[in-house]
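Have a look at the structure below, then the notes.
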Protein chains: 4
Amino acid sequence: MTLNVKKIAVLTSGGDSPGMNAALRSVVRTCAYYHVQCVGIYRGYQGMIEGDFKELNARSVNNIVNKGGTILKSARSQEFRTTEGREKAHENLKEHGIEAFVVIGGDGSFTGAMIFNEEYGFPVMGIPGTIDNDIYGTNFTLGFDTALNTVVEAIDKIRDTASSHNRLFFVEVMGRDVGHIALNAGVGAGAEEILIPEEDLGLGRLLESLKRSKLSGKSSSIVVVAEGDKIGKNVFELKEYVEENMPDYDVRVSVLGHMQRGGSPSCFDRVLASRMGVKAVESILEGKTNYMVGVVNNKMALTPLEKAIKGHSSIDTELLRVSDIMTT
Amino acid sequence: MTLNVKKIAVLTSGGDSPGMNAALRSVVRTCAYYHVQCVGIYRGYQGMIEGDFKELNARSVNNIVNKGGTILKSARSQEFRTTEGREKAHENLKEHGIEAFVVIGGDGSFTGAMIFNEEYGFPVMGIPGTIDNDIYGTNFTLGFDTALNTVVEAIDKIRDTASSHNRLFFVEVMGRDVGHIALNAGVGAGAEEILIPEEDLGLGRLLESLKRSKLSGKSSSIVVVAEGDKIGKNVFELKEYVEENMPDYDVRVSVLGHMQRGGSPSCFDRVLASRMGVKAVESILEGKTNYMVGVVNNKMALTPLEKAIKGHSSIDTELLRVSDIMTT
Amino acid sequence: MTLNVKKIAVLTSGGDSPGMNAALRSVVRTCAYYHVQCVGIYRGYQGMIEGDFKELNARSVNNIVNKGGTILKSARSQEFRTTEGREKAHENLKEHGIEAFVVIGGDGSFTGAMIFNEEYGFPVMGIPGTIDNDIYGTNFTLGFDTALNTVVEAIDKIRDTASSHNRLFFVEVMGRDVGHIALNAGVGAGAEEILIPEEDLGLGRLLESLKRSKLSGKSSSIVVVAEGDKIGKNVFELKEYVEENMPDYDVRVSVLGHMQRGGSPSCFDRVLASRMGVKAVESILEGKTNYMVGVVNNKMALTPLEKAIKGHSSIDTELLRVSDIMTT
Amino acid sequence: MTLNVKKIAVLTSGGDSPGMNAALRSVVRTCAYYHVQCVGIYRGYQGMIEGDFKELNARSVNNIVNKGGTILKSARSQEFRTTEGREKAHENLKEHGIEAFVVIGGDGSFTGAMIFNEEYGFPVMGIPGTIDNDIYGTNFTLGFDTALNTVVEAIDKIRDTASSHNRLFFVEVMGRDVGHIALNAGVGAGAEEILIPEEDLGLGRLLESLKRSKLSGKSSSIVVVAEGDKIGKNVFELKEYVEENMPDYDVRVSVLGHMQRGGSPSCFDRVLASRMGVKAVESILEGKTNYMVGVVNNKMALTPLEKAIKGHSSIDTELLRVSDIMTT
C-alpha cells in the first residue's frame, strides 16, 4: 500500500439503490482500517459543489449495513455539467485536503467522474450502484439482487390473486434500456412471457404464446414487461390489445414502480457492497485510480472508467433460452 | 348443537383476499369436528350453477392456512344474477344433499346469498372476506390486516428512495368507496397527508399542507391516496397539479395495485379466519342462519345479512385526528 | 386541555418491543402539536438517575415509525429500586423542569412509575410496550402483533422442512407466564398442538394427540410451546420423551429466541402506538395522570396504573376451543 | 441432442433446501420441452426402493417455483446403503422404463448415485441442493442464497433488541463442516466477530476482539458462530466463558435452527434452479451423464460426480479479510 493518500471522499450519486449504504460503510471502515481520513459528501455532485462535507469515522456508519436508500442522500446535479460547477467542486475538494473520491452510482455518475478526472487529474474511483445491472465490467451491480427479490415477492402476491380469478396480468418492472430485471425476475416468478428491450417478440407472437399457455391448462398468466420494452405498446395499451384479441380474457396491469429501488438490501448485495468498498479504497492506496470496481467471475476486478461507461452489458442469451423452456 | 344438518357447502366469491384459505380450512375442519360433511364449491356462484363441487375432508385443507388467494378459486357470476341461474344453483345444491352454505366474500356476495335465501328459504351464512374493511357488523374483515402490512412495507421501500432524493410521492392504495386502507396504512407508514373518499381535503389545503411539511424540514413526503378519493383528480393529475404549483418539487407516483390482494396472510388474519369459520359452522348447527359472522369488540358476533349489506362502515374519526397530529 | 403542563419526558424501559419507536414518535409529535416541550430520557430509569436527557422536537423522530428496538435505548435499573436512586431521578426531573413523564414498557416499568408517583406525587403515564400481551387494561400490548407475525413466518419456514421430511418439531416461543403468543401464533401457524402455562395438557395427552395426528394422515407436526409451559419438561426434554415413546418419529427442536422482540413493527402496532402516544399526552394535559393507556374494544381507554399492575390478563378460552377444533 | 432417452426420473434427497421445487419444475418442464417422459420419485432413494413413482407433466409443477421444501418429499434411506436395497431400486427403475435419473441433493445423495451408477451402469445426474454451499464444482448450491437472507433478516431483528440493551449475542447458524453461511451472513449482518470451522480464532483473541469492539464505542455486538466451529465450546459455553471474563457484559444466545432450511426461495435461487434443471436434462439427452451440474463463473458447468464428492469447497479467504476490515 502506498499510504501517501491521507484523505478520501465518498459520495452517492444518481438513482439510489439498495446496498449503497453498505458500500459507503465499507469505504469508511476501510479508510479507518488504513488510518486514512474519510469525508462524506452529501447530495452527490451538487453537495461537492456546495461544500456539503462531513468527516466520517468507523462509528458514523454503525447500523446502516441493512438500510435501504443512502444516508448521504443522492441528487442529479445540472451544475456539475458546467465547467464552473466542476471548478467549484474542485476547489472544495482541495480546500478540504481531499486527494481522491469514490463515487457510488451508475453510468451518468461515472461520466461526471471521468470528465472531472480529465480536467483536473483528480483521482477518482467508481462503485456500480444501480438496480438495473446495466454496467459493463461487473457481473452484478449493487442493488440488482435486492430489486429482483422485491419484484418476485410482488409478483408472487399478484399470482395469488391472478390464479384465484384466472386472470392475465401485465407487470411492468424497471429497466429502460436493458431487460436484466425483467428476464431474471420473470424466470424467478415463473412468468408465462417476458418482454425486454433487447428482443422484439412482436404482438403476434405474444398473442400466440398467451393462447398456447391458456390451452395448456394454465389457470393464470403473468407477463413481465421491462419499461423500455420495444413491442411498441406500453402495458396499458398491451392490456387493451389483448382484451380486443382475446375477449374472454380478464386482463389487468400492475406497474411496480419505485418500490423496486428501496428496501433492506439482500445478503448478496451487502456482501458485494462490503467487498467493493474494500477494493475501491485499497486500489486508491495502491495508486490505481480512475477505475470502476466490479465483480467478474466471483473475483473483484478493475475496469477503466472509460470502458465501463462505453461498454455494453448484454443480456444473458442462455437465460433467455431457459426462460423459453420454463414456459412449456 | 342441533346436529340435524348433515352437509354444508362452502365457497369463496368476489375479489379474493388473504385469509380466505384459512377461513375455508376452518369451515372444513369445524365440519369434520362435528361429523358434518363438507362440500367445496369452485369459482363462487358460477361453480354453484355449474355443479363444480368437491367433497372436502380435514386433510383436504392441510397446509393452506398460510396461502394467499383461494384454492376454491373465485369469480363474479353474471348468471347468478338471473332467476334461471339461481334455479340451477338450487337444483345442484339439492341434488348433492347440501343443506346450507357458507360464502366467504364481500357485499356483492352477501347480496347474492340473501336473495337466494329469500327465494328458496335456503340457509346461508356469510364470512366477510375483503381487504377493504368496508362491511358493517365487523371491526375487521378478512385480509384487511394483511393488506395494511403489504402497503406499509411497500411505502417503507418508497420512503427509502424518496428520502434519498428529497422527493414527494403520491401512493395510490385500494379503496373505492372507503378510506380504511389509506387511513390506517397512511398512519402506519408515517404519511405526510392522507386523501380518502370520506373527506374532501381540497386542493388548496393539500398544497398548504405540503408547503408546511417542506418548511418544517422534512426531507421527503408521502401522500397516500385512496382509489376513490374525492379530491377530483387522480394520482397522475395530482402530480401535475403539484408540479405546477410547487415547481421545485420532484413529484412521483406509485399505484400499488393488485399486489395488495395477495400474499401470505398475517397472523391476525389467520386467527380471525379460524375463529370466523368455527362460528359460521356452529351457528348453522345451532339453527341460526342468514347471518354474517363478524368480530365486534374482540368477540364473535352475528349480524343479519340484510343489515350487514345495508349498514355503513364508517371511518374512525379518532384515527383521522391522530393522523393530523402525527404530521405535525 | 389544561395547557399548564409545559414539559413532558418520555422513556422506554424493560424489554424492548416493536412499536416502541412509533409510540415515542407519537408522544413527541403530540407534545409538539400542543406546544409542550418534550425531553427524551435514555436507557430507561437508569438514564433518569444519571440525567441522560435530550430535548426532542417533531423532527427528532423522523423516519423511526418503522424501526424496531428503541432509539432511546432501554435498560433494567437496579438503582431505581433504591430510595436514593429514585431521589436522584426526581432531582434531575425537577432540575430540567419536567412536570410529568410517559414510560413505555411492561409491568415492572409501571411498578417503578407507581412507586415514584407515590413517593413524590410526580405525574406519570404508562404505555404498554411488550410482546407478551400480558397486561391488564388493554386488549393488545405494543409489539404483540409484530411478534406473532415473526413467529408464524418462522414456523412457516420450519413447516417447509418438517413436511419435506415428515418430522415433528417442538418450537419454543416467548411467554414466561402467559401463553398469548403461543396460542395465537399456534393457531395462526396451524400447529398440531399448543402448550401454554395456563393449561397443563399432561404428557399422556400430548402423546395421544401426536399419535392421533399421525394416524389422521398428517405428514408433519408442529408443537408450539410457550417458554413458561407447565408440562414439566423443557423442549429438549420433550423431544427425548417423545422419541422414547414414539420411536419411529424424527423429532427436532427450535427455540425462536430474541428475534421475536425485533423487526419492523406491523401496521397494526404502528397505528396502535400512534393512538397510544396521543392518548397519553392528551390525558396528561387534561390532568389525568397515573394511568396506563390501553385499547379496549377498539377504543382508547385509561386504567389506573395500580389496576394495570395487579390485574391479570387471562387467556382467550374461546380461542383455545378454536385451536382444538382446528387440529381435527 | 440424442433423443434416444425416452424417460427420465427425478428425486430430491437428503436435507431439503429452498429451490428444490424450482429445480424439480425445471427438470419436468425441460423433459416436456424435449418430449421426454418424466417420473417423480417420492421420498428420495427410499421411494426408489419402494416404487413410490408418479408421472409428472408440465402442469404437475405449476405454482411451485416459489415454494420452500420439496413436493416430492425427501428422506435419508438406510436401505439404499445395502446391495439389496439398490437392487430393488434398480428393478423398479427398469420396470418403469426409466433410463436415467436426476438427483437433487448434497454430498451423500451424490455418493449414493455414484455407487448405483458403478454397480448398474445406470446414467445419473446430480443437482447440488443444500444450503451449506459445501460442494465442489459449483460456486453456489441451491438454497444457499435464500438461507443467507433468512439469517441476515433474523440477525437484523436480533440487532434491534441487542442495540436497545447494549447486549452481546452469540448467534449459531448452520454449517457443520464449513463456514460459508457464517462468513457470508456474518459480513452481511455486520457481525462483530465470525467463528467458522475453517479457522480457530482462539478464545483469547475472541475476548480481545470483543473488548476492542466495546472500547471503540459499539453499543452492541453480534458474534456469528457456525455449528461446526472449532473454538472448542458451543454457543452456550461461549456465553458462560464471556460472562466470566467480561462480567459487565449482558450476553445472550440464539440458535437459528431449522428455519434456515425453509422459506420461499430468493430470485437468485429460483433462476439458478431453472438453469440447473435445463442443464441436467440436456446433458442426459446429449449422452453426458454421471456429472453434477454447477455454476462456475456465471456459466453452467459439469463436474464428474466423483470429483464433486471428493473435492473440497474452500472458504473465500478474500472475504475473510473483508470481514476483518469491516469490524474496524
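Using the three backbone atoms N, Cα and C, a Cβ is placed for every residue, glycine included.
Predicted, not measured: the structure shown is a model, and the values here were computed from it.
Taken verbatim from TrEMBL:
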type	residues	note
ACT_SITE	C:D132	active site, proton acceptor
BINDING	C:G15, C:R76, C:S77, C:G106, C:D107, C:G108, C:S109	ATP binding site
BINDING	C:R25, C:S26, C:V27, C:V28, C:R29, C:R159, C:G190, C:A191, C:E192, C:K218, C:S219, C:S220	ADP binding site
BINDING	C:D107	Mg(2+) binding site
BINDING	C:T130, C:I131, C:D132, C:R167, C:M174, C:G175, C:R176, C:E227, C:R252, C:H258, C:M259, C:Q260, C:R261	substrate binding site
DOMAIN	C:7-283	domain 'Phosphofructokinase'
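Mean pLDDT across the domain 'Phosphofructokinase' (C:7-283) comes to 95 in this model. Annotated pair C:R176 (substrate binding site) and C:G190 (ADP binding site), C-alpha to C-alpha distance, rounded: 22 Å. For C:G106 (ATP binding site), the nearest of the binding-site residues by C-alpha distance turns out to be C:M174; the candidates were C:V27, C:M174, C:S219. Cβ environment of C:G15 (ATP binding site): C:S74, C:G105, C:G106, C:T130, C:I131, C:R261 lie under 8 Å away, each six or more residues apart in the same chain. Of all the binding-site residues in the list C:S77, C:S109, C:M259, the shortest Cα-Cα distance to C:R25 (ADP binding site) is found for C:S109. When the recorded positions C:S77, C:D132, C:E192 are compared by Cα distance to C:R252 (substrate binding site), the shortest distance belongs to C:E192. Proximity to chain B (Cβ-Cβ under 8 A) holds for none of the binding-site residues C:G15, C:T130, C:M174, C:E192, C:M259.
The binding residues for ADP are recorded as C:R25, C:S26, C:V27, C:V28, C:R29, C:R159, C:G190, C:A191, C:E192, C:K218, C:S219, C:S220; their greatest pairwise CA distance is 52 Å.
Counting in whole angstrom, C:V27 (ADP binding site) lies 17 from C:S109 (ATP binding site) by their C-alpha atoms. Secondary structure from DSSP puts C:M174 (substrate binding site) in coil. Around C:S219 (ADP binding site), a 10 Å sphere centred on its CB holds 15 further CB atoms from the protein chains shown. Between the C-alpha atoms of C:G190 (ADP binding site) and C:D107 (ATP binding site), the distance comes to 30 Å. Taking CA atoms as the reference points, C:G108 (ATP binding site) and C:S219 (ADP binding site) are 43 Å apart.
Taking the mean position of the Cβ atoms of C:G15, C:R76, C:S77, C:G106, C:D107, C:G108, C:S109 as the ATP site, the remaining same-chain residues with a Cβ inside 8 Å of that point are C:S13, C:G14, C:G44, C:G105, C:G112.
Chain D lies within reach of C:R252, C:M259, C:R261, taking the binding-site residues C:G108, C:R252, C:M259, C:R261 and requiring a CB-CB distance under 8 A. Annotated pair C:E192 (ADP binding site) and C:M174 (substrate binding site), C-alpha to C-alpha distance, rounded: 18 Å. Long-range Cβ contacts of C:S77 (ATP binding site) within its own chain (separation 6+, distance under 8 Å): C:G44, C:Y45, C:Q46, C:I49, C:G85, C:G112. In this structure, C:R29 (ADP binding site) is part of a helix by DSSP. In the three-state DSSP scheme, C:S77 (ATP binding site) falls into the coil class.
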